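Trainee: The structure under discussion is supplied below as structure tokens; questions concerning it will follow.
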Amino acid sequence: MGCSAATFILVALFGSSSWMGTNSVWMQLPLLTSELPEQWNLPSYLAGVVQIACIVPLIYTILHKGVKSFTIPTAPLIIALLSLACCCQLGLSFFWSDYSEIFGAPRSWPLYSLLFGLAIVNAMSNVLFMPFMAQFHPAYLNAYFVGMGLSSLAPSLLSLAQGTSMFKCDEKGVAERFPPNFSVSIFFFVIFSFTCVALFAFIALYRSGAHTHFATPNKKEPNEGTPLKKDLNNTSSSRKGDDEDESPIEIHETGAPAIDAIVSELDVTFREELQKSFRDANYLERSAMINDDSEPHPVDYITGVKFTFLLFTTALVNAQMNGIITSVQSYAALPYSQATYHFAVTLSNVVSPLSSFLPFFISVRSIPVLAILTACSTAMTAFIVYLAALSPNLIFNSVTIGSALSIGGSLIAAGLHSYLRVVFASLLREGHQSESRLFWCGVFIQIGSFIGSAVMFPLVNIAHLFTSAPQCKSIS
């Protein structure tokens, strides 16, 4: 069966919904911090909300793996989640600026609630969307990962077109604001429209039956993301008959991948590894896509101490990326200008998906080299924290130098973190128990992200170790 251009586009649009909601809120932080009462503390609150929401897919996977009677049809659940994302995105366009007093302080609870809903949808995409794509021809994985890249790139480009809220200081030291090219409400409404397109694309994709063209004939659960082990064995035995050389593969009944809630841009690496898993599971053999005599190349799998090291560094990198930097970046950039924060956040989200493609060209397997790169990313994170600790003072007492260092540090950190995250997941994915290894990779991703946010939240909001700078400040 050939690949359809229409199906390719539908899959890409469907994949774009994976993390677009959360990314869209993050792209608006430079404007939200200037409008909402939490001000510079807002990013740390939102990071905590996202991490709490990421517990939901973990619970889902535990139930799906541990409770055999727990079954929910995949496609209807995806439609329900995308509908929830549309509702939350539409709600943001109207209620993002609302707040009320809770526990003696003004809180932007509508923003928290709506972001929580979006984060649930985005995190659940890792345990639902990927298994669903296992039912398609492997060539469509390219389209899905293109869509995942768009979920970060599209809000970033839209934010660049929007610009930021500039201001100038009058003689009395009062900031006079100039609005961006279009408002936060319009931004969220455009993202809402994009999410609706993704929802309708999935419905059209499912109704087209493209996923059934690659399904096994005797598959009993059409809504499962991947077939059960017994179905694989039955199909293989019925097709091969007396063939004794078939390689067994260990596939869990759920077919759910790891809970890698933040690792949404593992584009090329996951594509290659999933295609390899399709080949190992005789997907391609059953559909006559490859010859029976093809064999996977031997790989020096990561085990033992190296495996433990990779899990630890995975947690460390994600703690920095999803917990530490997101909590203090406002303090590291806003003292220099609103535009500095805007470009640091926006361009970082452009660099991240692009860096995820680097392992396709530059693959590193050496543990010492990976340790050095991890140390470099940690040093860059420490530099961003140092800039934040200087606030309201400026490094070298210079707006120009400070802005360049703040933006440059954010871009380098984002690039290193994204690259390392892909490489770690690729190495951990290798092996005969690939799903189990990838599951633990996802667990440590979430552990690292949670610890990073849990450590930074009290430091920012309770201990008040970081200080906001006044908008209008004389520079000597």
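From the backbone N, Cα and C atoms, a Cβ is placed for every residue, glycine too.
Not measured: the values here are computed from a predicted model.
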Trainee: Looking at Asn181, Asn233, which is the one Swiss-Prot tags with N-linked glycosylation site?
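Mentor: Among Asn181, Asn233, the residue Swiss-Prot annotates as N-linked glycosylation site is Asn233.
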Trainee: Are Leu428 and Ser185 co-located with respect to the membrane, according to Swiss-Prot's topological domains?
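Mentor: Topo match: no.
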Trainee: Which of 76-96, 114-134, 343-363, 367-387, 394-414 shares the most C-beta pairs under 8 angstroms with the transmembrane segment (42-62)?
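Mentor: The listed stretch sharing the most Cβ pairs with the transmembrane segment (42-62) is 114-134.
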Trainee: With Cβ-Cβ distances below 8 Å as the criterion, list the same-chain residues six or more beyond the ends of the topological domain 'Cytoplasmic' (388-393) that contact it, or say none.
Mentor: 328-332, 334-335, 465-470, 473
Trainee: Quick check on the topological domain 'Cytoplasmic' (22-41): DSSP residue counts for helix, strand, coil, in that order please.
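Mentor: When I sort the residues of the topological domain 'Cytoplasmic' (22-41) into the three classes, I find 16 helix, 0 strand, 4 coil.
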Trainee: Can you tell me which parts of the same chain pack against the transmembrane segment (394-414), counting only residues 6+ beyond its ends and a CB-CB cutoff under 8 A?
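Mentor: 320-321, 325, 329, 332-333, 335-337, 339-340, 343-345, 347-349, 351-352, 355, 377, 380-381, 383-384, 387, 475-476.
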Trainee: Given the model, what does the mean pLDDT over the topological domain 'Cytoplasmic' (22-41) come out as?
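Mentor: Over the topological domain 'Cytoplasmic' (22-41), the predicted model scores a mean pLDDT of 88.
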Trainee: Which of 1-21, 114-134, 186-206, 367-387 has the most Cβ pairs closer than 8 Å to the transmembrane segment (307-327)?
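Mentor: Answer is 367-387, with the largest number of Cβ pairs below 8 Å.
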